[in-house]
Amino acid sequence: MAKLLCTLFLAGFVFLANAYSTDPPNPPDIENVFDGIPSIFNPVNWISNIASFFNPSNWVSNIPSILNPVNWVKKIIDINNPFTYIPDFLNPFHYFPKLNPIKWIPGWIPGLGKDRCLLPKVTGPCKASLTRYYYDKDTKACVEFIYGGCRGNRNNFKQKDECEKACTDH
């Protein structure tokens, strides 16, 4: 709590200092000659931040973050790591772990993750005749069955290859 209060107190000085800037505002009648050109061709950006020139996401101005492979690595690490690290505000080189619940949900809830393959076959009380596949843990194979259409469990696949892909290593 003390760290948070200290951080907010110091942040107030930063905002106050920025409010009383000594730089004169840009005159409205003078146009910026670099307006309208992409940021990669803008020499002002080269000077202010050389690292941004080498970042591929800045080469195309409207590239979605999902298409940037740099973001893939971070998301893969966050999903596969049981802890996500969040920075400590007063010490930028110190990170403390925050539990990532997505990593642990399959262990908490039966039927999620690889545990779904260990569930028994459930046809359900409804009267539909849908061809589905379930993983039989005794034979270690995906077996066809008739699903009633309601109140089944997650060991219920529409296609055999989907069942095999999810449950082959059991």
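For all residues, glycine too, the Cβ spot is worked out from N, Cα and C.
Here is what Swiss-Prot says about this protein:
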SIGNAL    1-19  signal peptide
DISULFID  Cys117-Cys167  disulfide bond
DOMAIN    117-167  domain 'BPTI/Kunitz inhibitor'
DISULFID  Cys126-Cys150  disulfide bond
DISULFID  Cys142-Cys163  disulfide bond
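A map of Swiss-Prot features onto the structure.
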residue : record         : CB count, 10 Å
Cys117  : disulfide bond : 22
Cys126  : disulfide bond : 13
Cys142  : disulfide bond : 22
Cys150  : disulfide bond : 11
Cys163  : disulfide bond : 22
Cys167  : disulfide bond : 22
Across the domain 'BPTI/Kunitz inhibitor' (117-167), DSSP yields 10 helix, 15 strand, 26 coil
Return the average pLDDT for the domain 'BPTI/Kunitz inhibitor' (117-167) as a whole number.
91
Those disulfide-bonded residues of Cys126, Cys150, Cys167 having Cα within 10 angstroms of Cys142 (disulfide bond)
Cys167
What Cα-Cα separation, expressed in whole Å, is found between Cys163 (disulfide bond) and Cys126 (disulfide bond)?
22
